Amino acid sequence: MQQDKVNLLGLNQKAIEDFFISIGKKKFHARQVFKWIHKKGVIDFDAMTDLGKNLRHKLKDKAQITIPKVVFSKASKDGTHKWLIDVGGSAVETVFIPEEGRGTLCVSSQIGCTLNCSFCSTGKQGFNRNLSAAEVIAQLWIAARTLSKTDGEHDFTVTNIVMMGMGEPLMNFENVVPAMDIMMDDLAYGLSRRKVTLSTSGVVPRIYDLLEQSGVSLAVSLHTPNDMLRNEIVPINKKYNIDELLEACKLYAQKGPHKHITFEYTLMEEVNDNLSDAEELVALLKSREVPAKINLIPFNPYPGTPYKKPSNNRIHRFKEFLQHNGFVTTVRKTRGDDIDAACGQLAGDVMDKTNRKQIYLKKLGDTNAN
């Protein structure tokens, strides 16, 4: 029985070196191939011109470099790009957001999500499976190749990665960490730990593991300073409450790359956007002595949600109070809403746990017909 070929795309530098040793080849050959794949975007062994003929033949026999198919890509009028990527009959989305001086790629880690946060459209679509390391890094590979070919008024260079797409990345730790290793490898994409940010809803034990094994920048989806409300809107809080979460955050801030934690706070009208909520948030972060930046995210409504986006006045009042109390506070701009790429809209039109396959196939058929 023929052994399955190893997909080299998802192997970090150590893993690809180990693979080359296992087939009787040298580590420096592994580094050559690693660079061809990620730095140069080459996935055909025959096109890797500095490899010997025998090595290329061996690789074709033992390995492959498989890139998922892009079902479609869209560009927004504001420069935002969105890709729908086929991952074995299901689909995930990847979004690139250009800003002055930077370009941020939002990467997915799971097909669906297990956490079922009450305000998140992805969580309402159910959970299929974790992405492999190859499927995670493929999102950056595809974006880097696509954007390098795009001309226009925007700068299409990926300078930052945020693991904030579909899924809870710390629930797919074993695949996300190797993928982030590749993102930060100088032979690949060369991003620093400060430029790669993982966003978690609060899988506390894995926060400690992340600090030990990766140390990328950390963002935490807090959304409320109140355990009672957080139990309702972020159910994982029932397992790891705010006190436990902030204890982990405090240590991460001390040893991580930024010396602070970014707290994400989705503002929902009359749910968590009152001045009393802002007061409680300030008191909480100051009492726990967690160095913090706060990113306010106005809620993006989707069909069937009971939540509403606050008025601009309520958003401004909340922000002003936090800033007045010494916290660097930003309000996330809605980007790519004309292509359903804004935060909270990821894959909402293609991921449905009752008819995911049918909707995906219809989308694929519509794309092929164009």
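One-based numbering along the chain as shown.
Every residue, even glycine, has its Cβ placed from backbone N, Cα and C.
According to Swiss-Prot, the protein carries these features:
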- E93: active site, proton acceptor (ACT_SITE)
- C343: active site, S-methylcysteine intermediate (ACT_SITE)
- C113, C117, C120: [4Fe-4S] cluster binding site (BINDING)
- G167, E168, S199, S221, L222, H223, N300: S-adenosyl-L-methionine binding site (BINDING)
- 99-337: domain 'Radical SAM core' (DOMAIN)
Nearest of the recorded positions (E93, C113, C117, C120) to E168 (S-adenosyl-L-methionine binding site), judged by Cα-Cα distance: C113
Same-chain residues at least 6 apart in sequence whose Cβ lies under 8 Å from C117 ([4Fe-4S] cluster binding site): G123, S201, S221, H223, I233, V234, P235
Closest of E93, C113, C120 to G167 (S-adenosyl-L-methionine binding site), Cα positions, recorded positions only: C113
Residue among recorded positions E93, S199, L222, N300 with Cα closest to the Cα of C120 ([4Fe-4S] cluster binding site): N300
Site with most surrounding Cβ atoms, counting all protein chains shown within 10 Å, from the binding-site residues C113, C120, L222: L222
Cβ-centroid neighbours of [4Fe-4S] cluster site C113, C117, C120, 8 Å, sequence order: L115, N116, F119, S121, T122, G123, K124, E168, S201
All-chain count of other Cβ atoms within 10 Å of H223 (S-adenosyl-L-methionine binding site): 27
S199 (S-adenosyl-L-methionine binding site) versus the residue listed as 'active site, proton acceptor' - Cα distance in angstrom: 16
Alpha-carbon spacing, S199 (S-adenosyl-L-methionine binding site) to C113 ([4Fe-4S] cluster binding site), which is rounded to whole Å: 14
The residue listed as 'active site, proton acceptor': tally of other CB atoms within 10 A of its CB: 26
